[in-house]
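If you look up TrEMBL, you'll see 2-317 marked as domain 'Acyltransferase 3'. The feature transmembrane segment is assigned by TrEMBL to 7-25, 37-56, 76-96, 137-157, 169-199, 211-229, 236-257, 269-287, 299-325.
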Amino acid sequence: MINVVRLIMIIGVIYVHTIPVLDTIDSPIITAFASLMRGPIGTSGIALFFFLSSILTYKKEFAFKSNFRKKCSSLLLPYVAFISFWILVVFVMQLYDPLLALFHFDSQVVLWGKPVIQWSLLDWFDAYTGFVHGAPFVYPFWFIRDLFLVNIFASLIKKAVDSNPYISGIVLLAMSIALMQIGAYGLTLFSFTLGYYVVKFDISLEKVDNINIGLILVGYIAIISCFSIPFKCIYYVLVFPLVIVANILCLRIGYYLIDKKHDKYLLKIAPWSFGIFCFHEYFLRFFRKIASLIIPQIPVLVIIEYCILPIVLCLFCLLICKILNSLPFSPLKLLLGGRGSKSSKR
């Protein structure tokens, strides 16, 4: 079930990243929708990834060394491999400018204003870490970077919570707020710790299936609507309960979908969700460019484009994964950290 929820969330991430398509529409409703997607909805959705990853990490017998080795193969290797791949792609495209235009690259954001061949050591370091610009060369990979880093401290989090769950919870919450103050994504620590609380107190996720989905949805919308209050302190008051309610809502949706007839399709696609995530960023730029050239940019058609484009992109990325997996010496196992390829052969 967790794999299905993860797939749903990755599709949601792609919808958030497709929001720039709507920028051509001058409408207060669309502007408000875009702000919500980029703000509280996107924030709570990303937090769910850390929450689920934490549960998967801690629910098995946990040891620092074995967990570190596993995360190196499942997170660090794909992280380095995909960033290297896209740097190579961009380097080749820089030899022929029309290709850059076709992929809709923003030279200031993606290439930092200079060709790859002119990068300094600091540029190369930042391309893989994002410690200067805030995100690595493949922007969504900041999530993989942060997930790997928080896993390094997973044993310390476990020991702290085991020693005193209540005081440790308060301290870790305060640390999360402090991280937000310096511009970091503080919900990484909060959500990952929350996942361990679920494992430690043996809270069954199946209980979520008994909660009224309409009631959760109303609560989620109510919290989101409060983010419009123009006081910064409101954010810190609401963001943590928002994450908890969002976690419950997404898990409940996951159980709901699994109970339906089309669950077999979701279960087939779910093992490839990480591959879809890793491939989507630059292909989305390509699809956006093509769509803007062939679809008249009038509001109704742009909204339809926004609704359909992420689904088409997901299917395209899935096809890429399937093709790579069918090769005699497939690089997919390295690229996906062992995900997908095994599942597909069962």
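Glycine residues also receive a Cβ, built from the backbone N, Cα and C atoms like all the rest.
These figures come from a predicted structure and were not determined experimentally.
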Paired segments the transmembrane segment (7-25) and the transmembrane segment (299-325) in contact, 3+ CB pairs under 8 A: yes
Can you work out whether the transmembrane segment (211-229) touches the transmembrane segment (76-96), with the criterion being 3+ CB pairs under 8 Å where the paired residues are 6 or more apart along the chain? no
Give residue numbers and ranges for long-range contacts of the transmembrane segment (76-96): same chain, 6 or more residues beyond its ends, CB-CB under 8 A. 103, 105, 110-111, 115-117, 127-128, 136-138, 141, 144-145, 148, 274, 278, 281-282, 331, 334-337
Counting Cβ pairs under 8 Å that sit 6 or more residues apart, are there three or more between the transmembrane segment (236-257) and the transmembrane segment (169-199)? yes
Hey, which of 37-56, 137-157, 269-287 has the most Cβ-Cβ pairs under 8 Å against the transmembrane segment (169-199)? 37-56
